[in-house]
Amino acid sequence: MKLPIYFDYSATTPVDKRVAEKMMQYMTNDGHFGNPASRSHKFGWQAEEAVDIARNQIAELINADPREIVFTSGATESNNLAIKGAANFYNKKGKHIITCKTEHKAVLDTCRELERQGFEVTYLDPEENGLIDLNKLNDAMRDDTILVSIMQVNNEIGVIQDISEIGEMCRARKIVFHVDAAQSAGKINIDMQALKVDLMSISAHKMYGPKGIGALYVSRKPRIRLEAQTHGGGHERGMRSGTLATHQIVGMGEACRLAKEEMAQDQAHVTAMRDRLWAGLNSMEQVFINGDADKRYPGNLNVSFNFVEGESLIMALKDLAVSSGSACTSASLEPSYVLRALGLNDEMAHSSIRFSFGRFTTTEEIDYAIELIKGAIGHLRDMSPLWEMFKDGIDLDSIEWAAH
């Protein structure tokens, strides 16, 4: 067993060796390195064929038409293109957008930018379990609402939103519905023929593909129009100009093919890993799961350890690659905005750790982690006067702290 142990699959996944081998065939002089847009010679035709195959593999993963797949540099760009592109195209109908406070920053910051441009955004509060109350969403919808953007699986707490029902609500009101599926594509079953979703963002590096490549699903029936955010050679049906990165696209296609083939065993594996870790951690006092216990992706376990300071806990667990909050905001010492939105106080939000598992996690690693965490928690709590008071039965909320 190698240290440190990687428990941060929600931040990124290692590229599957089978994916890397496929990518290598499209980079060097002895491979198919041509530009897919070069229509006048064999090098271009070979690259174009590889892109077409990958486009089909991505479409098959989510049961979509390959013509509905637009390549981007990743889910952040897909989110920007979907939200800004739809808002700019449909702004004659209205300027109201609805999203949720626990969305990824790539959605929230994009909405903030649109607010600066004169759009109005409603940020829904989630319930304590991290899920959206659909009645509150319905109440927020107005005649001038043009777009709803809700993620499928939350990157920090792993809860799964009911995008099927939200899609029905949006379609009934003729509102464009965008879903950030960065954390769900390739991990849970997605059927675009059954879902009333207009736009969906997908990332390769969350499902054992390369970084720097993603896709945006853009519905053809009903036809969704976007205003391009990148201008140039008119690639991707004018929606996203730029030379297609054949090797990365091939990698994403292969990652999607493997994800579809191995989804059942991947799900069973991460569920077993999650259950084993939780069984070990749950034997301690004052340990809580954040987010709904049932409606969640099994590869994510977000846990708060009461009476322990989060920074010191992460330092004590230096042999475990875990995170507090998302990778995109983990550099800040602010408590997670997602956990705060759930109603956790600063102390509980600060003492939370996100464990995320994947294809290469082993039971040996889980067992090592359990013992390490138990030891670290015990040591840190022994130093905590609050823990001592709690053990003595003192209600900490009743204490009046002296101001210094």
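Keep in mind that glycine also has a Cβ here, set from the backbone N, Cα and C atoms.
Under the heading pyridoxal 5'-phosphate binding site, Swiss-Prot lists A75, T76, N155, Q183, S203, A204, H205, T243. A204 (pyridoxal 5'-phosphate binding site) falls outside any helix or strand according to DSSP and counts as coil.
Using a 10 Å radius centred on the Cβ of K206 (N6-(pyridoxal phosphate)lysine) and all shown protein chains, the other Cβ atoms total 29. Residues or ranges marked as N6-(pyridoxal phosphate)lysine by Swiss-Prot: K206.
Residues annotated as active site, cysteine persulfide intermediate in Swiss-Prot, with sequence analysis given as evidence: C328.
Residues or ranges marked as [2Fe-2S] cluster binding site by Swiss-Prot: C328.
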Under 8 Å by Cβ from A75 (pyridoxal 5'-phosphate binding site), counting only residues of that chain that are 6 or more apart: H104, A106, D180, A182, S201, I202, S203, K206, G214
Sparsest-packed among the binding-site residues, when each Cβ's other Cβ atoms within 10 Å are tallied, from T76, Q183: T76
Neighbourhood of H205 (pyridoxal 5'-phosphate binding site) by C-beta distance under 8 A, where only residues 6 or more apart in the same chain count: T12, T13, V15, G74, K211, G212, I213
The one of N155, S203, T243 whose CB sees the fewest other CB atoms within 10 Å, among these binding-site residues: T243
N155 (pyridoxal 5'-phosphate binding site) in three-state DSSP notation: coil
Maximum Cα-Cα separation (Å), residues A75, T76, N155, Q183, S203, A204, H205, T243 listed as binding pyridoxal 5'-phosphate: 30
For Q183 (pyridoxal 5'-phosphate binding site): DSSP state (helix, strand, coil): coil
